[in-house]
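**Student:** Feature list, courtesy of TrEMBL:
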DOMAIN    1-266  domain 'ABC transmembrane type-1'
TRANSMEM  28-55  transmembrane segment
TRANSMEM  101-118  transmembrane segment
TRANSMEM  124-143  transmembrane segment
TRANSMEM  215-235  transmembrane segment
DOMAIN    304-560  domain 'ABC transporter'
Amino acid sequence: GAQVLSSYWLVYWQELKWPLPQGFYMGVYAGLGVSQAIGFFLMGMLFSLLTYYASRELHRSSIKRVMHAPMSFFETTPLGRIMNRFAKDIDTIDNMLGDSLRMFFSTLSNILGAIILIAIVLPWFLIAVFSISALYLWAAIFYRASARELKRLDAILRSSLYSHFSESLSGLATIRAYGEQERFLKDNQKRVDVENRAYWLTVTNQRWLGIRLDFLGILLTFVVAILTVGTRFSISPSQTGVTLSYIISVQQAFGWMIRQSAEVENNMNSVERIIHYSKELEQEPPHEIPDKKPPAPWPSKGQVEMNDVVMKYRPELPAVLRGLTMSIRPGEKIGIVGRTGAGKSSIMTALYRLVELTSGSIVIDGVDISTVGLTDLRRGLAIIPQDPLLFSGTLRSNLDPFGNHDDARLWDALKRSYLVEDKRHPSIDLPDEDATLAGQSTPANRFSLDSAIEDEGGNLSVGQRLQRSLVSLARALVLNSRILILDEATASVDYETDKKIQDTIATEFKDRTILCIAHRLRTIIGYDRICVMDAGTIAEFDTPENLFLKTDGIFHGMCERSSITLDDITWAAKARPI
């Protein structure tokens, strides 16, 4: 309003409409200019604050729900799509949506003010402006529909490009080892070209709109010019000048408003996707259930009961565990074997409730794990996975991320896991190039609590998988849980190193319940019982000796293929710490 009034005030000032001093006209004009500046400032601040608070809340709620999403979400959602949500979409909300809204409403107010000003001088202009506005609306409808879909297509193709780039980086060593750089480069270039198609169509779509808006703007200016000529004897030259200058600005503003309305709608796609993450993502069960806390300490014995367990990774997929029933006594050592896809690792998945059971129950020390919070459950279990994950930080933060234990306990765990050498625990021999963290050289103690660890252990050298397994072993020693799960923890190390680690596990966890998903049969032939999995069911479950004596059994055949005899099993049972 102040902007329109300031322009019309110039007409009054030029005509000296009232017998007032020049200072009065100048003061009013200055006041209108200050009001205009204050209005623009307040509008900009309002939209900035609204954008900031909206973006912050959307980001917080969406990242919280992603962090609590079930494993099935990450298995079915490409990493590039998740990155696109928290990179491009959040950036759009932060830096583009607020400006688009501000410019849209600012332009709309300018157009309304200009139409009112012109209508005061030329009332017949209202008929023309409503007619031509209908044509503007027609062009806007066509443009917005195509622009919205092009924006959506651009986001989808960009996610595919991000996914390919991220996967190429994570597998860079393998790509180079097999000499596949050229193929991946061509694939990346193809994806870039496909993504650019959406961008090119966006540009051409804008040119299509621009041509039609320019034509309608010329038509609107022509109508005002005709009306001005027709009423030249009833309006002053000053009013004519203001009217013509404003119709030119309205012509430009109409086009700008349509572009901004389409831009707002396109940017709202980002808001829509973030809202989907913040409100509609499937969630894991509650992490904390205050009124269903298990008794402390829990588990205190390590007894595990699995009753008719049925589990599917997703509702539409077949069951990976089918009627699994197993009773594990406190302190018992159970080896789990079977061919690939038999359901061995699915037992670990069920214990950690990474996937909820379709039916059945798992009871630990008399507590049904489905009735307690996930935090209480997972804190009560220790695991050494096949591919341990290390986070960027220090060795201390990877061993004890929540700072619950003192340094003495952490150092003791490092010594017992062979990461730090002492008289009782000589370190595991590694090749010279594997003996230290990058940039460090301490032959006796190659680690300290403040040793820097890069993301996924990136600064560990060629023997990094072994070192990560040892860090995972140390982490389990720090946690000191009554139940330890080994998911093919030493599958990637040589037999001698495997034996040392297994001896440490047998000694340090001799009174704990152990479930070992084994890659090598020799690792578990000294265990109390062996569970042979086949197609999601328990095919055999007994002591190693009894299973070996069953000559037509699966376990006996596996032992024959691994050159394991009954004497080997008997010796392994005797060698186990009591």
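Please read every residue number as a count from 1 along the shown chain.
Heads up, the Cβ atoms here are built off N, Cα and C, so glycines get one too.
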**Student:** I'd like to know the mean pLDDT over the domain 'ABC transporter' (304-560).
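**Tutor:** PLDDT averaged over the stretch: 82.
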**Student:** The transmembrane segment (215-235): which same-chain residues, six or more beyond its ends, come within Cβ distance under 8 Å?
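**Tutor:** Same-chain residues near the transmembrane segment (215-235) but 6 or more away: 118, 121-122, 124-125, 128-129, 132, 135-136, 139, 243-244, 247-248, 250-252, 254-255.
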**Student:** Residues sitting near the transmembrane segment (101-118): Cβ under 8 Å, six or more positions beyond its termini, same chain?
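**Tutor:** Counting only partners 6 or more residues beyond its ends, the transmembrane segment (101-118) has Cβ contacts under 8 Å with 1, 3-4, 7-8, 40, 43-44, 47, 51, 125-126, 129, 224, 242-243, 246-247, 249-250, 253-254, 256-257, 260-261, 263-264.
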